[in-house]
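Annotation comment: Swiss-Prot describes Arg87, Tyr91, Tyr189, Ser279 as isopenicillin N binding site. Residues annotated as Fe(2+) binding site in Swiss-Prot, with sequence analysis given as evidence: His212, Asp214, His268. Marked as 2-oxoglutarate binding site by Swiss-Prot on the basis of sequence analysis: Arg277. Here Swiss-Prot flags 180-286 as domain 'Fe2OG dioxygenase', drawing on sequence analysis.
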Amino acid sequence: MPIPMLPAHVPTIDISPLSGGDADDKKRVAQEINKACRESGFFYASHHGIDVQLLKDVVNEFHRTMTDEEKYDLAINAYNKNNPRTRNGYYMAVKGKKAVESWCYLNPSFSEDHPQIRSGTPMHEGNIWPDEKRHQRFRPFCEQYYRDVFSLSKVLMRGFALALGKPEDFFDASLSLADTLSAVTLIHYPYLEDYPPVKTGPDGTKLSFEDHLDVSMITVLFQTEVQNLQVETADGWQDLPTSGENFLVNCGTYMGYLTNDYFPAPNHRVKFINAERLSLPFFLHAGHTTVMEPFSPEDTRGKELNPPVRYGDYLQQASNALIAKNGQT
């Protein structure tokens, strides 16, 4: 019988010094981020200031009260060909094939008169919402949560900047609430007695979602207390422990692209667990026109740099490649 693999080491980092601590405390946090992202690729952010109980309450209420008719009317194009949207909307369960459901929404600043909305720029969509009389607190909460978790992500990026040997405001100009392409996804995994078929990894592990790299700058995830994630390490696949009210943070592919893979996106996957749970990732993105110059932190000097690329083009190509590899979520 094989020996069970030990869980991956995922440190918990108090990020509060990044919001006003002294230089030494900020440097210490940056060193902890650096170590985590160079080892397992994940860390938990504590003292983040977000009310996660309210987050759970609102998301559970939303998934509990959505009707089948509402889900279809708001479904993205992959599920409802009458809807041209490919990002914002409902991602439906498919009877006998797929049980997980989710709602994705984008920047509340993307109003009808936003320049990128008016021009029809790819990856930009003004949000649609479920009936606001039936779901009275959903839209106001979601829009405020977007602003809150975007602000949290900008704080985290100060730590990443310092970890990379840059000034703490290095990423600030690339992260504007007016044009960020960041997305929130509210994923609900149900418990079902007759669960539809699931995928199987090469090692025989039953999976809800196969191995992948997140397409983002960083991903900031809140999840309920059901262990499900695994990260690929030199020793094989290891479980990522859960951590109560803390947010799980990892680098996305753009961070690897930008830093010459000094901070690579960790390869991870979702185990099949037949238990009701929530997985609520925030994918941090720059704006469409943002162009950052890739660079080499100390350990990667001598390697050829990636060419600069407009962020919106990078996001579109990488997102399409992920869907082609792993299928529509």
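Glycine too: its Cβ is placed from the backbone N, Cα and C atoms.
Feature annotations (Swiss-Prot) mapped to structure.
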residue	record	contacts (Cβ under 8 Å, 6+ apart)
Arg87	isopenicillin N binding site	Ile76, Cys104, Leu106, Met123, Glu125, Ala183
Tyr91	isopenicillin N binding site	Ala75, Ile76, Ala78, Tyr79, Glu101, Ser102, Trp103, Cys104, Gln328, Thr329
Tyr189	isopenicillin N binding site	Ala99, Val100, Ser208, Asn228, Ile273, Ala275, Glu276, Arg277, Leu278, Ser279
His212	Fe(2+) binding site	Asn267, His268, Arg269, Leu322, Lys325, Asn326
Asp214	Fe(2+) binding site	Asn250, Cys251, Gly252, Thr253, Ala265, Pro281, Phe283
Cβ packing number for Ser279 (isopenicillin N binding site), 10 Å threshold: 22
Residue among the binding-site residues His268, Arg277 whose Cβ has the most other Cβ atoms within 10 Å: His268
Secondary structure composition of the domain 'Fe2OG dioxygenase' (180-286) [DSSP: H/G/I, E/B, coil]: 6 helix, 48 strand, 53 coil
Neighbours of His212, Asp214, His268 excl. site residues, C-beta within 8 Å of centre, Fe(2+): Asp211, Leu213, Thr219, Asn250, Ala265, Pro266, Asn267, Arg269
